[in-house]
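Chemist: Structure incoming, see below.
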């Protein structure tokens with residue numbers, strides 16, 4: 001075992017990590033435009049449930065053996081692959097239009113998206129949100145261990161706690177907020193919550209502060225379903 005193999009594993013994980021994007025496209029295909037923000041929120045809630053179970057399982061197994069979480073994850077991925085291949089039906093049947101789109105290069109697809117009304121700024125916002133969200137996701141455990149001396153178990157509990165808050169916000173906050181404030185204002189609210197949370201996290205010195213900020217970060221998650229709904233409607 002070496003750090004090189006860990007990097008190689010992360011590279012393969014990144015190459016094969018498009019399942020969330022495909023799931024989002026699938027939901028978009030089978031959902032009316034006015035219901036998409038809500039459905040994207042429910043998809044995010046399911047993701048949050050995984051965020052609850054995953055860190056807990058990883059934390060417990062990691063205390064026993066550092067290799068165990070990787071074997072457990074590989075096993076569950078295999079089960080997921082089999083279930084998807086056997087149970088999931090194609091959302092849309094292939095036609096000449098979809099075949100033509102599939103044959104185009106990535107650059108052509110991207111140029112088409114950018115030319116759609118209001119799509120360029122939405123893509124820019126999505127890029128920034130994605131980049132920003134990866135910072136705490138990547139550094140959370142290292143941050144907790146370095147600043148507060150968290151064990152693997154406590155780090156797992158913190159991520160599971162975030163998953164609980166995230167699932168609640170995605171399942172129960174998206175639809176009412178979009179209905180009351182609209183998709184754009186919901187997006188702005190989510191971005192503001194994330195920005196405030198990250199600012200407070202950067203100056204936090206007490207161990208309880210990251211846990212207190214988890215609901216704020218979870219509420220920041222409403223931005224993505226609202227943005228996805230706006231983008232999917234723009235290219236429908």
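Just so it is clear, glycine is given a Cβ too, placed from its N, Cα and C backbone atoms.
In case it's useful when we look at the structure, here is the feature table from TrEMBL:
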DOMAIN    1-236  domain 'Major facilitator superfamily (MFS) profile'
TRANSMEM  6-28  transmembrane segment
TRANSMEM  40-62  transmembrane segment
TRANSMEM  68-88  transmembrane segment
TRANSMEM  119-142  transmembrane segment
TRANSMEM  148-175  transmembrane segment
TRANSMEM  187-205  transmembrane segment
TRANSMEM  211-231  transmembrane segment
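Please go over these features one by one and say how buried each is and what sits next to it.
Modeler: Residues 20, 23-24, 27, 68-69, 72-73, 152-160, 162-168, 170-171, 173-175, 218, 221-222, 224-225, 228-229 of the same chain lie 6 or more positions beyond the ends of the transmembrane segment (40-62) yet place their CB under 8 Å from a CB of it.
Long-range Cβ contacts of the transmembrane segment (68-88) within its own chain (Cβ-Cβ under 8 Å, at least 6 residues beyond either end) map to 9, 54, 57-58, 61-62.
Tertiary proximity for the transmembrane segment (211-231) is limited to same-chain residues at least six positions away from its ends with a CB under 8 Å from its CB atoms, namely 24, 28, 33, 36-38, 40-41, 43-44, 48, 119, 122-123, 125-126, 129, 136, 158, 161-162, 165-166, 168-170, 173-174, 177-178, 183-184, 186-194, 196-197, 200-201, 204.
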Chemist: Can you say which of 6-28, 119-142, 148-175 has the most Cβ pairs under 8 Å with the transmembrane segment (187-205)?
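Modeler: Looking only at 6-28, 119-142, 148-175, the most contacts with the transmembrane segment (187-205) come from 119-142.
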Chemist: Residues sitting near the transmembrane segment (148-175): Cβ under 8 Å, six or more positions beyond its termini, same chain?
Modeler: 37-38, 40-56, 58-60, 62-63, 140-141, 186, 207, 210-211, 214-215, 217-219, 221-222, 225-226
Chemist: Other than its close neighbours in sequence, what residues sit by the transmembrane segment (119-142), given a CB gap under 8 Å and a spacing of at least six beyond its ends?
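Modeler: That would be 113, 150, 152, 155, 158-159, 187, 191, 194, 198, 201, 217, 223-224, 227, 230-231, 234-235.
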